[in-house]
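Trainee: Reproduced below are the annotations present in Swiss-Prot:
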type	residues	note
BINDING	172, 338, 342, 348	Zn(2+) binding site
DISULFID	313-388	disulfide bond
DISULFID	353-373	disulfide bond
DISULFID	355-361	disulfide bond
DISULFID	457-477	disulfide bond
DISULFID	633-644	disulfide bond
DISULFID	638-650	disulfide bond
DISULFID	652-661	disulfide bond
DOMAIN	203-393	domain 'Peptidase M12B'
REPEAT	732-740	repeat '1'
MOTIF	170-177	motif 'Cysteine switch'
SIGNAL	1-27	signal peptide
TOPO_DOM	709-790	topological domain 'Cytoplasmic'
TRANSMEM	688-708	transmembrane segment
């Protein structure tokens, strides 16, 4: 075993190792490795130095005092800019292979570069994102790696002295002939007169780092450790490339936490590189764009420690791979920088190439920096194009937080610049809400006020989606939820990842409303061939995997009853296959890998979750049992009055309330926010309850009305004095006698009245007779008149 120099007393070392071993037994990630890639180590306590004129709360350079081998060294550091985005995207996978995306919290301004005072050509790259100092630095020709000692309560750190490493020719697998062949397409485009313009403006490279499953296991499945390793690796590469005025920006990170996405068990790293560039182009580029991608592998190979292929800004196959074997960070970062140098046009150094007067440069066999030859190659390449390096990444760190249109820390809002804030009715330029305002942005914010409870802030997109509602107390809309995978939908389909998967619907979406799904004969005739029109997997530019007979129905979509050729995206090919025996015309589309970088979607591949038989679905181009969807929402769970969402909670129908749709309510789930009363849609349950309550209220009101009527009636009657019973009886008899007398009197009066009336009638009759007699007496007698004439 190699001897180790220890700069501690034996007692102190014993006290240091005991808690370290104890914590290790408890599962802590204690970084304490005296062997491996290090010559020696010692423990020190960095002392932060303060200077006059420092402004509290403003990011400024920092300095630490380190004592190594009995000598004091001052480490000056200043913050790195543009190293990370505001929200770093981290992709990982569940044990079932489902893709996850996270945006972990990373402290602001925790990455630094610097140098050691009074040390020749010293450089340092330090990260404080995990607490303590972690990184690399050199004092003269010696390189060190510093790590915080987690077992220490007094800010102790372990400083490792790295080996004097000469990588040799085994580092990079690229030969000079291969480099010349890869550079050939760019040579004729370069123009020497473009060098000054290219040098004047800095370049920016957006990088994606990937880590295989072995590396994830090496750090005890600690995803946070992998993230901070990636940040430090990128920081070291960025420090190297600042010499040529190019910045490295870590755009995203992918960790294969479940299994490796490509085969990595080849004896040579070059074969892994071939698989990786296919994965990058066919899978990674579809998820997010970048200028370059690099894969780290926890494995040794026979041919080299690192490989690369292609150039930045190329839509063709490009990428790099390297090994990451232990806790030594500087060596893998240097190998990555070497391969990234090839990606930006740098060749291997010749014997006459120098960096700071030395021969061990990055593009040779050392780690001092880039040589003068690398400078020339780099500027020659960027003069030939490489326009993607001109894009400035989004600023990840800004000193002035208020005004960047991002609500953060204690800000209530952020309307941007002063001019923009003058037009904002809700937010002030000091990132405070206007007086009387509740909010400024959000799906549940309108005219500076919260939307009322029950307002639909996100409509359902289809029958497999679910709506979300404002709660009246926040400007944010609840997270998007949808029906659980496996929920039945129309045309005998199933919901899967927020969409109804059905061959019938997929045929109509491509070939029009008259199209129908084809029978199994079409799938067998096409998908068992294994070309761009019929396959179960695209494995390369011109390589296709034919389907097995049992899985042919999960390959490329086949339709019938196609009347017209549809208008599809450019470069999409339609193919028809005639089956003479069945007299069928089968229709489908073709697809190949070169269409992926152009952003052309593959419309003709059967969607995962599509039914392929009774109790079976297509999943990853195989016809498998539908249990893979993990659908476990029985109707009884929601009392047959709702469905389960993707969080396995009941989303109730209108008229019933969550969580289990047992009580009367307005529907929704505990995840959707509270729905409101629908206009013109009152469910029967509410009608029944309303009628019962109305009748009950009427009954109560009737009883109350009768009661008060009787009370009021009794109250309005005149009061009567009480008297003795005998007196009351006498008065009652007198009253009775009086009543009889009155009745007799009344009867007598009636008889008198009748007699009087009779007399009057008799008198009137006599008068009429007398009047008649008088009239008759006055008439002349005719007989006497006749006698006088004679």
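The backbone N, Cα and C atoms fix where each Cβ goes, glycine too.
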Trainee: Give me the count of other Cβ atoms within 10 A of the Cβ belonging to residue 313 (disulfide bond).
Mentor: 19
Trainee: Cα-Cα separation of residue 638 (disulfide bond) and residue 661 (disulfide bond), in Å?
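Mentor: Roughly 6 Å, rounded to the nearest whole number.
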Trainee: Quick one, of the disulfide-bonded residues 633, 638, 652, which Cβ has the fewest other Cβ within 10 Å?
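Mentor: It is 633 that, of the disulfide-bonded residues 633, 638, 652, has the fewest other Cβ atoms within 10 Å.
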Trainee: Could you tell me the mean pLDDT over the repeat '1' (732-740), as a whole number?
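Mentor: Residues in the repeat '1' (732-740) carry a mean pLDDT of 55 in this prediction.
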Trainee: Consider the binding-site residues 338, 342, 348 and say which one has the Cα lying nearest the Cα of residue 313 (disulfide bond).
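Mentor: Its closest listed neighbour, by Cα, is 342.
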Trainee: What does DSSP say about residue 644 (disulfide bond): helix, strand or coil?
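Mentor: It is in a strand.
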Trainee: Nearest by CA distance to residue 457 (disulfide bond): which of the recorded positions is it, out of 338, 342, 361, 661?
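Mentor: It is 661, whose Cα lies nearest.
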Trainee: Quickly jot the same-chain residues contacting the transmembrane segment (688-708) by Cβ under 8 Å, restricted to those at least six beyond its ends, or write none.
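Mentor: Same-chain residues near the transmembrane segment (688-708) but 6 or more away: 664.
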Trainee: Return only the integer: C-alpha distance in Å from residue 361 (disulfide bond) to residue 338 (Zn(2+) binding site).
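Mentor: It is 10 Å, counting Cα to Cα.
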Trainee: Checking the disulfide-bonded residues 353, 650, 652, 661, which are within 10 Å of residue 633 (disulfide bond) at the Cα level?
Mentor: 650
Trainee: Using residue 388 (disulfide bond) as the reference point, find which of the recorded positions 338, 353, 355, 644, 650 has the shortest Cα-to-Cα distance to it.
Mentor: 338
Trainee: Which residues, sitting 6 or more apart from residue 353 (disulfide bond) on the same chain, put a CB under 8 Å from its CB?
Mentor: 359, 361, 363, 364, 371, 372, 373, 374
Trainee: Taking only the Cα atoms, work out how far residue 661 (disulfide bond) lies from residue 348 (Zn(2+) binding site), in Å, as a whole number.
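Mentor: Cα of residue 661 (disulfide bond) to Cα of residue 348 (Zn(2+) binding site) measures 70 Å after rounding.
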Trainee: Determine, to the nearest whole angstrom, how far the Cα atom of residue 477 (disulfide bond) is from the Cα atom of residue 338 (Zn(2+) binding site).
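Mentor: About 47 Å separate the Cα atoms of these two residues.
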